[in-house]
Amino acid sequence: MSNNLERVLHSNIYIQPAHFILAIATNILNIRTLSCRVLLSSSCTYYFLTYAIISITYTCLLCPIQFARGFSINWISGRITCKTHAYILFVLPLQANIMLMLASFHRYWTSSRIHRLHSASAVRIAKRNITLGSVFSIVYMSPMLFIYYWDDSSGKCLTNFHILISIYILSQVIIYYILSPSIMILFGILTIRNIRQRSSSAIFLVSLTQRRRIESQLTRMLIIQIVVHLILVLPFGIIYSINSTIPSTRTSNVIAVRLVFVALQQCDYFAIFFLYTLSARVYRQQLVRILISTTCLNAREWYHHC
């Protein structure tokens, strides 16, 4: 083990608790805020909610494992844990990525048909897409249960190398790091174009003014989240692609860099709260209302007990 790898592992003792607290706290606030009636009227909110739930699950699994590694404690030390650890920690980011991809497409679709599509219909379609996307990611990532294996001689969780495995990993790279970002960017641009075309129209329905305003702010939230998401996850994707296709690159120093990029990718699961707060007035308003109501409730309970 190189000194760089040791330093990175040791830094997890301090980094992972911070990641854990930030991710859990911010995503709980996200779920609470997004669950208000005003935001639930939009189909896009359901993708955000699913993303927040996935973020909490991923954080609860990854942070303790990375924290323990800082004390040279390896919880992935058996045949079953080796396979399930690899599968779960790959399927959850894929699910989160699919939610953003579906949200970008669904946002474009609803923005082009907002005068014809009832909000209830859009919500039903969003729930169906979330279910189908989750099923796809679970099935698609199932080969990960067979790619990783536990090597007793080295005491490590290693990967098998075969032409079919290389093809499958290449498909992961194409879907996650090429196709998915391209779809997000494409439909993000098309959505912006649709919104500008609607805004420049001379005819408006007064009854839809507030809904249009909320939809526009949710679209801005989505686009900003996609941009930051790509910045945070692509570095790990590049080095994962290299390690998966060229086994000789899996040196201690490269693994140290890979773990740094894992920590960078983890920031994606709590940065969204600050992005939502900064980019959407409707989100800030609902968040402030929740915080004020909670504070008042606690004050009344304290006064009652006194």
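Cβ coordinates come from backbone N, Cα and C, glycine included.
What TrEMBL records for 26-276 is domain 'G-protein coupled receptors family 1 profile'. Per TrEMBL, transmembrane segment is recorded for 13-34, 46-67, 87-109, 130-150, 162-190, 221-242, 254-276.
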Exercise for the section: Output the single range from 13-34, 130-150, 221-242 maximising the number of Cβ pairs under 8 Å to the transmembrane segment (162-190). Expected result: 221-242
Handout entry: Within the predicted model, mean pLDDT of the domain 'G-protein coupled receptors family 1 profile' (26-276)
Key = 81
